Amino acid sequence: MSRPQKGDSRNSSSTVTEFILVGFEQSSPSTRALLFTLFLALYSLAMAMNGLIIFITWTDPRLNSPMYFFLGHLSFLDVCFITTTIPQMLVHLVTKNHAVSFASCLTQMYLVFGVGVAECILLAFMAYDRYVAICHPLNYAQIMSQKVCVRLVCSSWIFGMVNGILLDYMTFRGPFCRENHIENFFCEAPIVIALSCGDPEFSLKVIFMDAIVVLLSPMVLIVTSYARILASILRRASSSGRGKTFSTCASHLTVVVFFYTSAMFSYMNPRSTHGPDKDKPFSLLYTIITPMCNPVIYSFRNKEMKGAMGRALGRGSLAQAESV
């Protein structure tokens with residue numbers, strides 16, 4: 001698959017109508033086959049685990065607390081997030097045609113922005129929920145009522161979708177007439193903006209300022225919530241209760257570190273620090289590794305979730321036995 005040269009007319013006069021996702025095309029066939037197997041396994045595992053959590057949190061009446069309500073929506077966001085990028089990457093690992101239309105690239109970027117921003121905000125709300133549950137247990141039911149939880153989830157979705165429109169516009173507002181090769185496995189904004197014919201600095205500055213709002217602001221709320229939780233834990237006399245609460249909070253912070261640091265590298269670093277060898281690992285971290293880790297960190301270490309999964313799998317086995 002040849003790239004357009006600097007003297008090519010595409011760079012000077014023609015308008016780009018499609019993009020080429022370079023992805024892993026420079027890898028050997030055996031390496032691509034190995035990557036396909038690995039990413040397919042990770043994608044299937046993430047879909048299965050998040051799908052199980054969605055089913056359990058939305059059907060098990062014992063899991064009716066705000067924490068599990070938020071967890072179910074987090075898993076749903078993770079399913080949406082990985083589905084916007086990974087299936088396409090899997091197809092490109094086994095085919096030679098890596099072209100995506102202009103409209104497909106725009107749509108994919110909008111979904112990545114919208115769902116990703118919604119997840120950033122939801123993680124902050126989940127940290128606040130843990131803060132209220134641990135530091136204000138007597139007022140927890142009143143503060144985190146069902147109406148409040150629904151409003152918080154809806155606000156994260158609405159802000160994410162509206163924010164996606166702004167970022168999509170800033171990315172695609174100028175014409176594209178330069179090289180159309182994207183050095184990643186999906187349409188990522190900073191890389192696409194660099195291909196624009198116009199001055200990319202204004203768009204990059206807007207995206208940087210937006211990242212401060214949607215990444216740093218929720219992170220401040222998360223850090224503040226867990227700092228107060230930690231202070232409350234240290235005042236407790238019971239070492240067992242202190243250890244259990246600290247373990248839960250440490251798990252949640254692990255997700256935050258994975259997700260936020262990788263997103264910050266992609267959208268808050270200067271262009272000079274970007275490159276295929278640096279962008280791809282961080283992109284993989286927040287597009288597939290974090291959605292796969294979320295169920296493990298949030299759920300499989302939780303006794304109530306383990307019990308609910310056992311009941312769900314038990315019902316499935318019983319129904320299968322009866323059908324036989």
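Just so you know, glycine gets a Cβ as well, placed from its N, Cα and C.
These features come from TrEMBL:
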TRANSMEM  33-56  transmembrane segment
DOMAIN    49-298  domain 'G-protein coupled receptors family 1 profile'
TRANSMEM  68-90  transmembrane segment
TRANSMEM  110-128  transmembrane segment
TRANSMEM  148-166  transmembrane segment
TRANSMEM  206-229  transmembrane segment
TRANSMEM  250-269  transmembrane segment
TRANSMEM  281-300  transmembrane segment
Does the structure show the transmembrane segment (33-56) and the transmembrane segment (110-128) touching, where I'm treating 3 or more Cβ pairs under 8 angstroms (sequence separation 6 or more) as a contact?
no
If I take every residue in the domain 'G-protein coupled receptors family 1 profile' (49-298) and average their pLDDT values, what number comes out?
84
Which residues, given as numbers and ranges, are at least 6 beyond the ends of the transmembrane segment (250-269) yet have a Cβ under 8 Å from it?
116, 119-120, 123, 126-127, 130, 188-190, 207-208, 211-212, 215, 219, 222, 226, 278-279, 282-283, 285-286, 289-290, 293-294, 297-298, 301
Counting Cβ pairs under 8 Å that sit 6 or more residues apart, are there three or more between the transmembrane segment (68-90) and the transmembrane segment (206-229)?
no
Quickly jot the same-chain residues contacting the transmembrane segment (148-166) by Cβ under 8 Å, restricted to those at least six beyond its ends, or write none.
66, 69-70, 73, 110-111, 113-119, 121-122, 125, 206, 210, 214
